[in-house]
Structure formats: C-alpha cells, structure tokens
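Following: one structure in structure tokens, then a few remarks.
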Amino acid sequence: MAGIRNVAEDPVYTDDGTLDIHKRPANKKKTGKWKACRFILGNECCERLAYYGMSTNLVNYLHDRFGLGNAAAANTVTTWSGTCYLTPLLGAFLADSYMGRYWTIASFSTIYVIGMSLLTLSAVAPGLKPVCRGISDCHPTTGQTAALFIALYLIALGTGGIKPCVSSFGADQFDENDTIERKKKSSFFNWFYFSINVGALIASSVLVWIQMNVGWGWGFGVPAVAMIIAIIFFFIGSRWYRLQVPGGSPLTRICQVIVAATRKFSVQVPEDKSLLYETSDAESAIKGCRKLEHTKELKCLDKAAVETDSDRLKDLPNPWKLCTVTQVEEFKSVIRLLPVWASLIAFATVYSQMNTMFVLQGNTMDQHIGPKFKIPSASLSLFDTLSVIFWAPVYDRVIVPFARKFTGHERGFTQLQRIGIGLIISIVSMIVAGILEVVRLNMVRKNNYYDLETIPMSIFWQVPQYFLVGAAEVFTNIGQMEFFYGEAPDAMRSLCSALSLTTMALGNYVSTLLVTIVTKVTTSHGRLGWIPDNLNRGHLDYFFWLLTLLSLLNFLVYLWIAKRYKYKRVITNVR
C-alpha cells in the first residue's frame, strides 16, 4: 500500500511503544497527532453512517418484509447487534498478536463491504427479495431468509475487526509520555465519539426516511457506498499514521503467567519485590510495551516472577516457568478491569432499547409532522445523536474546565466518575420512558383506542428519553472507551477495547433474554403478556420499570467497585 513503509527497515518508536512508520526520527514530527486523526475520524464517521444506516431501522425491516412479530423482531436485532459487539474479540486478538491495527482494519473492512453489498442485493435482486402482496404481507423463502442472515453476520464479522481497533488506532497517534500530546489524546476520544454520531445523525434521519418512503434497496445501498468511502478515507491517510507493533499473543502470555504461578504454588514470594524477575533493559520483554510497576493485589500471581534454579533453559528463562513482573502485572491489569466491565452490561441493556422497544413504542404513536409528512419511528434516534453531538463538545470545552476548578483533575472527572454519572442519567431515561408508556396506555384505556394502529399522541413525546440516553452515552460510553484504553497494557489495547465492546454484546443478549423470559412468564395461562403484537393491550411500561430496577441495583454495585479500583502505574519518564 502506497505510503506504508517497510517497518523492518530501521523502525523508530515513540516512548509508549508506538511505531513511527517513517524511517527517520526527524519524520516523527510529521506523523501522528491530529494530522493523522482527521482521516481516522472521517473513516469512522462514514463507517458508522453505514452501520447505523442499516441497523437503526432493522427491526421494522424484519417486521415488514420477513413477517416477524414484535418480540421476535426485537430479539433478532438484539442478538445480531450483540454479535456485532462480540466479534471484536477476534479482531482485537489478531491486531494485538499478529496483524497490527492498521492491517486488521483494512482486511475486515473488505468483509464488511461484501456483507453490505449482499444485504442490498437481498432487498432489490429478484430471487433474493421476498415477494410482497401488500405493505406488510411478505412471504420470504428459506433461501431468502438465509441470504439476509449471511449478509447480516458478514457485517457482524467485518465490524469486529474495526470496532476494537479504530479508537485505539487513533489514540496511538498521540505519545502518552509527551505532556502536550497526552492532553490532546483525552480530547480525541470526545471528538471520536462526536464523529460517530455525525454519521449516526445522517443514518437515523435521511437514511431511515429513504427506507420507509423510497425503498429498502436505496436505504441499504447508500450505507454500502458509505462503507466504501470509509475505506478510501482510511487509506488516504496511510502516510501519516504511526503504527503499533504487534506484541505477540496476549492470550499466550496470560496462559504463561497462570501455568508458571501454578507450578510454583508452594514457592514463597519474597518480601523484597525487587527480587522478582524483570529484564534489565529499559524496555520490557514484551514488544512495544512499557514496564509496569509491581502492585500488591493478587499476590498469588507474583509466584510466576519468582526465579528458581530450574527456570532457565540454556541460560534463557523458560517463559512457561518464569515470567517478568511486567507480564504478571499485564495479567493483573486485565483482571482488575473485569468488575468494572461487568457493571457496564446493564447500561448496554438500556442502550439497546433505542433500536427495539423505543421503536416499537413509537410505532403506536402519531408520527405526522403536518398533514402530509410522516416521520418513521426509528428516526427518533436522531435525537439521541443530536444529544451526543451537543454534549460531546460541551463536555470537552465547558464541563471539563469547570469541573477541573473543583476536582483538580486534568480531565475534570476521573474516568470512573464520568462513567458513574452516565449510569445515573441512563436510569432517569428508563424512568421517563416508563412514565410516557403509562400516560400512553391511560389514553388508550380512557378512549378505547385498543385496536387503533396509532393513537392521537405525538411521537415527539419520546424525545426526552432519547435525549437522556444520548447524554448518558457522552459520559458512560466515552468514559468507558478512554478508561479501557488507558488502563490496558500497551500490547493489549485492542483486546481491552474489544473487552469493553463486549458489554454492548452482553447488554443486547441480556435484553434478548429478558424479553424471552418476560414473554414466556407473562403469556402463561393464555394471557397476552407485557409485549404483545398489539402494544395497546400490553404493559410495555412494566418492562421499562424492570430495567429501571435492574439499572439501579447495578449502579449501587458499580459504586462499590469504583471506590476500590486502583489505576495502572507505568515505569516511564514523562517529558
């Protein structure tokens, strides 16, 4: 690829282990930073436009063209969406271990385009497109359904190589040990999330309208073209990128620590921690990774760094018997992240309602703007996007400087504090959604609107719940992104970014599980249940109250975890 130098030819590294792709040290000033990030942000904007352009309204596509009921369509979307946030584990492993973030993004983007193209064909091509006799009277064959799901899961695989790498790749363009660049890195995550939502704004407004009023072929074709433009953006910036050196398999290093510590189960860890094994070089033994300071937690793993007479093979340490302190601390860092990771699943469950229950709720309300124009219910997610676009720069330019005066923290809030504020806002969003549903159902009962397709209540009453979810995103999702990148060991940043994304996967799966359980329990003995096909006869409000209660309990657990968390410490000289 033009612009990418052979990294084997006299490579140059920044102090945080990032490879400068130009051969001469003087060229470091010409690479990375915002000069490189503008292409990464452009790529992300177009890629997110493609993703949200086909996913935001997917529940209606499955309902109208493939004949799925409300609960089945919602579960299909959340299961697929969950997979989109699970495949990043594969992409991250390949990026950190072998391919590097640049080539992982490039390779998986190709799979992504193939999936988007097949999805477009499934909506327009004879034989792949379901035959419809009316607006919602379609009869897809087994082959047509198979083509749809192959397309969806190719997209899920393609996005798995992009999601965990792009944010980390952008952050790699800033040197953690350079004071000026470190401050810019913190702002990068805000603007990265801003660019995501610019793409989402176009998707949830223009593209959803095209899907509902022009046709699904155009509605899916435009996102496919956007994905091609995203790849072009990415490659144009190649000459300015700094590339992170793959550090080898992180899973192998973790297994080595476990095996070495198990073998030395009876070995006593010395009181003087300086006696634990570490390389004498300035750099750690892990390629592209700074040394980590020893911590007192999880002392049982320190046994892996206790040197005994049998640990060396031909004067070289056997990695399955003796590990460095940095390698042990690398594993500890991941373990410390897990409780925080688990406490964020409930937020992802709430977030997933925007593409499912919020849309189904909106389908029952008056969607007209004036006498002729009708806004699709899925387009209401643009208010979530507008909220993010509003709050992201406000947080960066107003809230952070204001909070810094009181907290003394350079980012205004710690990353965990920022996440916690977002969790509180997400609870409020569920309360607002539940109140709206109570009001809607009261109108149905008082006026006997049970069999009306849409009741005379404006869909814009949903705006507050979407706006609150957007505000929660700015605090929780951006804080989570920055937290997992910052706390990850240098050679495991893609993997830890993927780990943070799996909260979205599990949140979608939890939503699927909750809907399944709720449907099964509430439809017993011939009852309609909370979420029937006719929501006017159901109790969607009960489902929102259930999510509110679970989110509140989760927040209390999160407070306990955050209070006891200790941030990572690296051995470095800051310039």
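Any Cβ shown, glycine's included, is placed from N, Cα and C.
Annotated features, as they stand in TrEMBL:
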TRANSMEM  102-125  transmembrane segment
TRANSMEM  145-166  transmembrane segment
TRANSMEM  187-210  transmembrane segment
TRANSMEM  216-236  transmembrane segment
TRANSMEM  340-360  transmembrane segment
TRANSMEM  419-439  transmembrane segment
TRANSMEM  499-522  transmembrane segment
TRANSMEM  542-561  transmembrane segment
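Long-range contacts of the transmembrane segment (542-561) within the same chain, counting only residues at least 6 positions beyond its ends with a Cβ under 8 Å from a Cβ of the stretch, are 339-340, 343-347, 349-350, 353, 357, 419-420, 423-424, 426-427, 430-431, 433-434, 437, 514-515, 518, 530-531.
For the transmembrane segment (145-166), the list of distant contacts is 40, 43-44, 47, 51, 54, 66, 80, 83-92, 94-95, 101, 104-105, 107-116, 118-119, 121-122, 128, 192, 494-495, 497-498, 501: same-chain residues at least six beyond its ends, Cβ to Cβ under 8 Å. Sequence-distant neighbours of the transmembrane segment (499-522) (same chain, 6+ residues past either end, Cβ-Cβ under 8 Å): 71, 74-75, 78-79, 81-86, 88-89, 92, 163-164, 334, 337, 341, 344-353, 356, 480-481, 483-484, 529-531, 539, 543, 546-547.
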